Amino acid sequence: MNMMSNSELGVQAPDSCVWTPKYTVILSVLCAAQVLDGIDVTVVNVALPSIETELGFTAASLSWVVNAYMVVFGGFLLLGGRAGDLLGRRRVFLAGLALFAVSSLGAGLAASPAVLVAARAVQGLAAALIAPMTLALIAVTFPPGTARNRAFAIWGAAYGVSSAVGLLVGGVLANGPGWRWIFLVNIPIGLLLLLATVRYVPADRPARRHHRFDLVGALTSTGGVSLLAYAVLQAPTGGWLTVTTLGLLIAAVVLLGYFALHEWRFAAEPLLDTLLLRSRSVTGANVVTAVRGGAMFAVFYFATLYQQQVLHQSPLETGLAYLPMTLVLIVAAGLGPVLVRAAGIRVVLTIGSLIAAGGLLWFAQMSTGGSLWAGVIGPSIVVSIGFAVMVVPTTIAALTEVAKAHSGIASALLNVSLQLGGALGLAVLSTAATTRNLSQAGTHPDTALVEGYAFAFALASALMAVTAVLAMVFFREQGRGQQVNVAELQKESIHD
């Protein structure tokens with residue numbers, strides 16, 4: 001095994017990467033594709049009542065309009081990331097965009113619950129091909145240091161606002177032409193991104209011309225992650241201690257356990273190189289991202305329910321309330337590279353976690369007679385600042401020490417951490433909110449709902465406080481200064 005070379009690391013003089021129109025277009029295409037993935041996680045939330053009425057979903061099955069996307073998205077991310085490393089990142093990216101457009105057409109034309117859920121699952125598969133490739137293509141296109149950090153910041157801002165934009169777009173379309181256009185609008189966007197990718201994004205060579213595909217690793221990791229995501233997403237309604245949930249969790253643990261053993265001992269060309277996880281930086285970035293995901297998903301879920309069920313706002317009003325948060329996310333994410341250069345990864349992650357914890361604690365003060373500004377917009381702005389400044393340092397930590405040949409799988413791993421952390425965190429917090437709600441028997445229904453939501457936000461605040469501690473444990477002062485210390489990275493880099 002050889003240490004990463006300067007050329008593999010992409011080491012160049014700080015000013016050698018000029019922000020030409022070509023670089024700008026490439027980054028715009030990759031960010032737009034990532035936004036498309038992120039939007040489709042939340043875009044249906046405000047349209048669920050309309051979908052339920054028109055297609056005849058039951059209350060129990062309606063959640064799978066969201067869950068089908070998330071389960072498949074999370075389950076296939078590692079496979080998507082490795083496919084990019086082996087087959088070519090642009091090639092896999094193009095396949096994902098094409099599949100996303102086709103599945104969006106299927107969702108938009110769905111005439112039954114089964115067809116819509118199936119189309120959403122295929123959308124999740126397409127997203128699993130797209131998401132790791134956006135980050136991997138940035139990592140191999142932009143040289144490390146100022147240029148790459150700035151690209152990560154723009155990508156982070158775009159991805160950070162996608163969930164909020166999803167609620168806004170969903171509200172506008174559901175109130176206007178109808179919920180089907182939530183999916184149909186993806187078709188022209190997907191085709192435009194396809195054409196722009198072919199025209200502007202340079203083709204890359206696969207990591208190896210002759211390679212063995214790790215079929216056992218692909219099957220066990222995809223099956224294990226999918227079962228884990230399915231288990232935690234259905235647990236709040238099905239129950240954590242039921243035979244179904246426990247059986248799914250046990251099966252997931254067995255599959256993921258064998259996956260780890262297979263990758264470590266038996267795989268000739270492993271799907272996930274275990275050397276990645278020996279990096280303190282990579283491991284720390286993924287742990288922090290998972291915990292942040294759990295808290296972040298809670299904001300959109302519980303705040304949206306509070307607005308519609310307690311404040312009795314329309315879908316459009318609910319979506320518009322996230323516009324200030326969206327603008328703040330864009331600005332705050334842009335500060336990421338500056339803050340990392342000034343203070344280092346550990347300090348920025350610690351401060352960002354504490355800011356987010358404070359905003360979530362503010363959310364926990366909500367009441368039945370609260371106002372939109374004090375109960376939702378104010379705390380959402382504070383939370384967005386904390387979450388946004390964390391994106392760049394975690395991305396740098398997850399990818400800077402990774403060889404180019406592993407950039408796709410490393411990017412996928414970070415996305416898996418976010419999706420599974422979000423799913424698990426939301427499932428646990430939903431269970432906690434429901435339990436607290438049921439304990440308020442005899443009180444006004446709105447009061448009971450608010451008690452449950454506030455309790456969930458308080459727990460999410462505690463999660464972010466734990467994240468601040470994790471940041472202090474996992475990270476050194478890497479990133480402080482004008483650019484990443486390349487010599488130090490070469491000394492401690494992951495072997496290829």
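Cβ atoms are placed via backbone N, Cα and C, with glycine included.
Feature annotation from TrEMBL assigns domain 'Major facilitator superfamily (MFS) profile' to 26-479.
The transmembrane segment annotation in TrEMBL covers 55-80 (among others).
Summarising the annotation, TrEMBL assigns transmembrane segment to 92-115 (among others). Long-range contacts of the transmembrane segment (92-115) within its own chain (CB-CB distance under 8 A, at least 6 residues past either end) are made by residues 33, 36, 55-57, 61, 80, 83-84, 122-123, 125-130, 133-134, 137, 180-184, 186-187, 190-191, 193-194, 197-198, 201, 408.
Per TrEMBL, transmembrane segment is recorded for 121-140 (among others).
What TrEMBL lists as transmembrane segment is 152-173 (among others). Remote same-chain partners of the transmembrane segment (152-173), defined as residues 6 or more beyond its termini with a Cβ less than 8 Å from a stretch Cβ, comprise 27, 30-32, 34-47, 134-135, 138, 179, 181-182, 185, 296, 300, 304, 314-320, 322-323, 325-326, 329-330, 332-337, 384, 387-388, 391-392, 395-396.
Within the chain, the transmembrane segment (179-201) has long-range Cβ neighbours (under 8 A, six or more residues past its boundaries) at 22, 25-26, 29-30, 32-33, 36, 40, 43-44, 47, 50-51, 54, 90, 93-94, 97-98, 100-101, 104-105, 107-109, 119, 137, 169-170, 173. Here TrEMBL flags 179-201 (among others) as transmembrane segment.
For 213-233 (among others), the entry in TrEMBL reads transmembrane segment. Beyond the ends of the transmembrane segment (213-233), by six or more residues, the same chain brings 63, 67, 70-72, 74-79, 82, 86, 245, 248-249, 251-256, 258-259, 262-263, 266-272, 416, 419-420, 423-424, 427-428 to within a C-beta distance below 8 angstroms of the stretch.
Residues annotated as transmembrane segment in TrEMBL: 239-261 (among others). Within its own chain, the transmembrane segment (239-261) is flanked in space by residues 217, 220-221, 223-225, 227-228, 230-231, 272, 274, 431, which lie at least six positions past its ends and keep a Cβ under 8 Å from the stretch.
TrEMBL lists 282-302 (among others) with the feature transmembrane segment. Counting only same-chain residues 6+ beyond the ends of the transmembrane segment (282-302), those with a CB under 8 A from a CB of the stretch are 42, 45, 163-164, 167, 276, 349, 353, 356, 360, 363, 380, 383, 387, 390, 394-395, 397-398, 401-402, 410, 413-414, 417-426, 428-430, 433, 453, 456-457, 460-461, 463-464, 466-467, 470-471, 473-475, 494.
Sequence annotations record features per position, and here TrEMBL assigns transmembrane segment to 322-340 (among others).
Residues or ranges marked as transmembrane segment in TrEMBL: 376-400 (among others).
With a threshold of 8 Å between CB atoms, the same-chain residues lying at least 6 positions outside the transmembrane segment (412-433) that come near it are 70, 73-74, 77-78, 80-82, 128, 131-132, 135, 225, 228-229, 232-233, 235-236, 240, 272, 276, 282, 285-287, 289-298, 301-302, 394-395, 398-399, 452-453, 455-456, 459-460, 463. Taken from TrEMBL, the feature transmembrane segment covers 412-433 (among others).
Residues or ranges marked as transmembrane segment by TrEMBL: 453-475 (among others). Beyond the ends of the transmembrane segment (453-475), by six or more residues, the same chain brings 280-281, 283-285, 287-288, 291-292, 294-295, 298-299, 302, 305-306, 344-346, 349-350, 353-354, 356-358, 360-361, 363-366, 386, 397, 425, 428-430, 432-433, 436 to within a C-beta distance below 8 angstroms of the stretch.
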Field: Cβ contacts under 8 Å made by the transmembrane segment (322-340) with residues that lie 6+ beyond its boundaries
entry: 146, 149-150, 152-154, 156-157, 160-161, 164-165, 167-168, 348, 377, 380-381, 383-385, 387-389, 391-393, 396, 479-480
